[in-house]
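Q: Please read through the structure below; I'll follow up with questions.
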Amino acid sequence: MSLSDFYVTGTDTGIGKTFVSCILLHMLRGRGQRAVGMKPVASGCTYSDTGWRNEDALALQAASDPTPAYDLINPYALPAAVAPEIAAIEAGVTVALEPLSASFTQLRAQADVVVVEGVGGWATPLNATFDQATLVRALEIPVVLVVGLRLGCMNHARLSTAAIMADGLRCIGWIANTIDPHMARIEENLALLRQRLPIPYWGHLPHIPPGINPATLATRLHPQGD
């Protein structure tokens, strides 16, 4: 199954969107596709001799082949480690749709697939006038949902899926990522999620200790049709 561009969102912040996106990039590359990542808006950046840099965006850059310029991967790098809308206000920056679309177009010219990682959960806005649904519509790409497996994941997963669909967008798959290694009844919860979510299931990632190379997990994810 040959995939094209898609947007990775999650049921919350801190549920592994970046790590899953890196795994997906390695999976695509393993299939012979040129795949690059994009983090349109990132907060919590640190300053270096090359400018403001975000850890998640750097991870996406490292997982990409070819390797795009950082400014294309992360057009808006915001210092404060808070919600992007607040971070942009503090930085005196207005997040605009046009630069994001332009960067995506340039990345698309370099690769077969662009994996675009969102911010926080699906309903997290990008500025006062548009949210992630607005960006996804502008890019004309579908959505992949990362479900963080922990207590409350059923509610979060169903609400996120319903919100994506209510926005009129296509959700082509969901991935279960174990956040809490001590979560009770993981398999039972996973089975219920597979029954209740009306979108294709792409696979389950166990709890991953820090330092694991995402390339080693590329075979664990299986988009529908594999």
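Every residue gets a Cβ built from N, Cα and C, even glycine.
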Q: D56, E117 show up in Swiss-Prot as binding Mg(2+); which entry in T18, T94, T134 does that record put in the same site?
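A: For Mg(2+), Swiss-Prot names D56, E117; of T18, T94, T134, the listed one is T18.
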Q: Among the binding-site residues listed here (T18, S43, T178), identify the one with the smallest other-Cβ count within 10 Å.
A: T178
Q: Which chain neighbours of the Mg(2+) site, leaving out T18, D56, E117, have a Cβ atom within 8 Å of the mean position of the site's Cβ atoms?
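A: Nearby residues not in the site list: V8, K17, F19, S21, C22, G37, K39, A42, A57, A59, L60.
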Q: What residue among the binding-site residues D56, E117 has the most other CB atoms lying within 10 A of its CB?
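A: When each Cβ's neighbours within 10 Å are tallied, E117 leads.
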Q: Count the other Cβ atoms sitting within 10 Å of the Cβ of K17 (ATP binding site), across every protein chain shown.
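A: Neighbour count, Cβ to Cβ under the 10 Å cut-off: 27.
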